[in-house]
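As structure tokens, the structure follows; a few thoughts come after it.
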Amino acid sequence: MNDLKKSPLLILDFGSQYTQLIARRVREMGVYCEIYPYNINHEQFKKLNPCGVILSGGPSTVTHDANPRAPQWLFESDLPLLGICYGMQTMAVQLGGQVHSSTLREFGYAELRLHGHSQLLSNIEDRTAMDGSALLDVWMSHGDKVTELPPGFKVICETRNAPIAGMADESRQMYGLQFHPEVTHTLQGLRILQRFVVDICKASTDWTPEHIIDEAINKIREQVGTEKVLLGLSGGVDSSVVAALLHRAIGEQLVCVFVDTGLLRLNEAEQVLSMFGRHMGIRIIAVNAEDKFLTALKGVTCPEEKRKIIGRTFIEVFDEEAQKLTDIKWLAQGTIYPDVIESAATSTNDAAVVIKSHHNVGGLPDTLNLKLLEPIRELFKDEVRQVGLELGLPHDMVYRHPFPGPGLGVRILAEVKKEYADILRKADAIFIEELHNAQLYHKISQAFAVFLPVKSVGVMGDGRRYDYVICLRAVETVDFMTAHWSQLPWDFLGKVSNRIINEVEGVSRVTYDISGKPPATIEWE
């Protein structure tokens with residue numbers, strides 16, 4: 001099989017919130033692509049041997065000379081280029097055109113009118129105007145606009161406020177679009193990107209789950225040989241897919257460590273051990289470390305401190321087990337492509353602000369002295385799920401809602417106690433069970449219960465109760481960067497509330513969180 005990454009499409013990132021979305025759209029076409037900073041060096045670029053380049057949008061303005069520019073040599077590379085929003089503007093300025101800040105800004109939907117014929121947009125339309133012009137509904141997000149074309153370019157589309165909403169130099173296969181084809185609001189956006197990537201760049205469309213698995217297995221076997229690999233198995237999607245992939249590639253050379261922190265979902269430990277140990281035959285070392293974690297968390301209420309303690313304690317437990325295994329040479333991790341991109345961005349961005357520390361960042365201690373194996377580091381989350389299904393993992397496991405690494409520790413808004421964890425575990429399980437029963441689970445992106453450290457008066461029979469409050473949270477999102485609270489049916493919420501209050505000892509009241517992101521985050525801590 002040919003190397004799937006032999007001639008990738010490159011996306012040069014100017015800081016757009018949509019850059020990863022561009023890459024995901026390209027991958028959906030079966031095309032391998034990678035994201036690099038806009039100032040990629042020439043030698044690295046040549047080694048990658050790309051089939052074409054997309055210049056992303058960004059928050060800066062090209063009217064300031066100090067702001068980011070594409071490498072000038074890029075425009076002499078003879079490769080097809082597509083500039084989106086800021087990418088189009090910097091292309092225009094660097095090739096001799098002009099861009100000015102506009103008082104007529106465009107944010108949101110706009111009607112786009114196509115001009116004549118262009119290879120990029122021909123025969124792509126939402127409807128036709130009275131004069132026969134093709135019209136598209138697109139998503140705009142810009143203040144600056146191109147006011148003068150570079151030499152050799154022509155206008156290929158316009159909006160009411162942007163006479164040059166798209167430009168093309170067909171002879172050099174250079175294109176610019178002021179709108180965002182990568183977002184779903186641009187109805188024909190995927191077709192436009194496909195026209196550039198597949199038809200103009202002639203990109204290979206072999207990036208499929210089957211081929212990804214074949215190439216990953218070959219690479220794992222080549223790297224590892226006959227040596228043994230250690231994996232921390234959590235039961236989450238990423239580590240589960242890594243376990244299944246490694247098991248197929250190297251069989252009994254894989255050893256997994258599963259740490260029960262006492263902060264997992266109801267019956268989660270049993271499910272993981274049954275699925276991977278008994279059914280798949282993977283060697284798993286199970287460690288019940290509940291007491292160790294609860295002792296470490298005693299008296300701690302600060303969310304950030306809880307995260308750090310849970311991460312540190314996990315490393316201690318994992319390290320202790322790893323030291324007992326003398327013949328292990330490799331450590332496998334479930335790093336995925338967004339982790340790689342975000343780590344690179346944070347390392348070069350002095351202005352980055354840590355909202356919450358990530359439990360995976362920092363890794364395991366150097367004393368392990370193991371070589372690192374990251375077999376899914378080039379995959380987005382949706383690709384990880386597709387690979388998981390192809391490897392035979394159950395749909396319910398692969399499409400399970402996200403669960404934070406610190407587990408219930410950051411869903412208990414107080415000191416973490418066993419009593420609180422047991423209450424929350426049962427309440428959460430009822431909520432998830434009823435979502436499945438009502439066929440709502442896969443219609444929302446994430447749902448969970450939160451334990452609130454306040455007591456509320458309730459009435460049971462003839463007696464009064466003074467017990468804890470549970471809050472339910474359900475959100476809908478595409479990328480988890482923003483989210484809407486789910487408008488679940490009132491009768492459904494009433495049923496869940498009734499079950500929790502009646503079946504979970506210690507709960508007298510259930511509430512529902514109707515906060516979006518922003519301003520709230522999805523998790524409470």
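Cβ atoms here come from the backbone N, Cα and C positions, even for glycine.
Here the structure is a predicted model, which means the values were calculated and not measured.
Annotated domain 'Glutamine amidotransferase type-1' per Swiss-Prot: 8-206, in sequence order. Among the features that Swiss-Prot reports, active site, nucleophile is placed at Cys85. Per Swiss-Prot, active site is recorded for His180, Glu182, and the stated evidence type is sequence analysis. What Swiss-Prot records for 207-400 is domain 'GMPS ATP-PPase'. Annotated ATP binding site per Swiss-Prot: Ser234, Gly235, Gly236, Val237, Asp238, Ser239, Ser240, in sequence order, evidence recorded as sequence analysis.
DSSP classifies Glu182 (active site) as coil under the three-state reduction. Using CA atoms as reference points, the binding-site residues Ser234, Gly236, Val237, Ser239 were checked against Glu182 (active site), and the closest is Val237. Along the domain 'Glutamine amidotransferase type-1' (8-206), the predicted structure has mean pLDDT 92.
In the three-state DSSP scheme, Ser240 (ATP binding site) falls into the helix class. Counting other CB atoms no more than 10 Å from each candidate's CB, the binding-site residues Ser239, Ser240 peak at Ser240. Same-chain residues with CB within 8 A of the center of the Ser234, Gly235, Gly236, Val237, Asp238, Ser239, Ser240 CB atoms, the ATP site residues themselves not counted, are Leu233, Val241, Val242, Ala243, Gly334. Within its own chain, His180 (active site) has Tyr18, Gly57, Ile84, Cys85, Val138, Trp139, Met140, Ser141, Thr186, Gly189 as residues 6 or more apart in sequence whose C-beta sits under 8 angstroms from its own. The DSSP secondary structure for the residue listed as 'active site, nucleophile' is coil.
Of the listed recorded positions, namely Glu182, Asp238, the sparsest Cβ surroundings within 10 Å are found at Asp238. Counted within 10 Å of its Cβ, the other Cβ atoms near Cys85 (active site, nucleophile) come to 24, all protein chains included. Around Ser234 (ATP binding site), the same-chain residues six or more apart in sequence whose CB sits under 8 Å from its CB are Phe258, Val259, Val272, Gly405, listed in sequence order.
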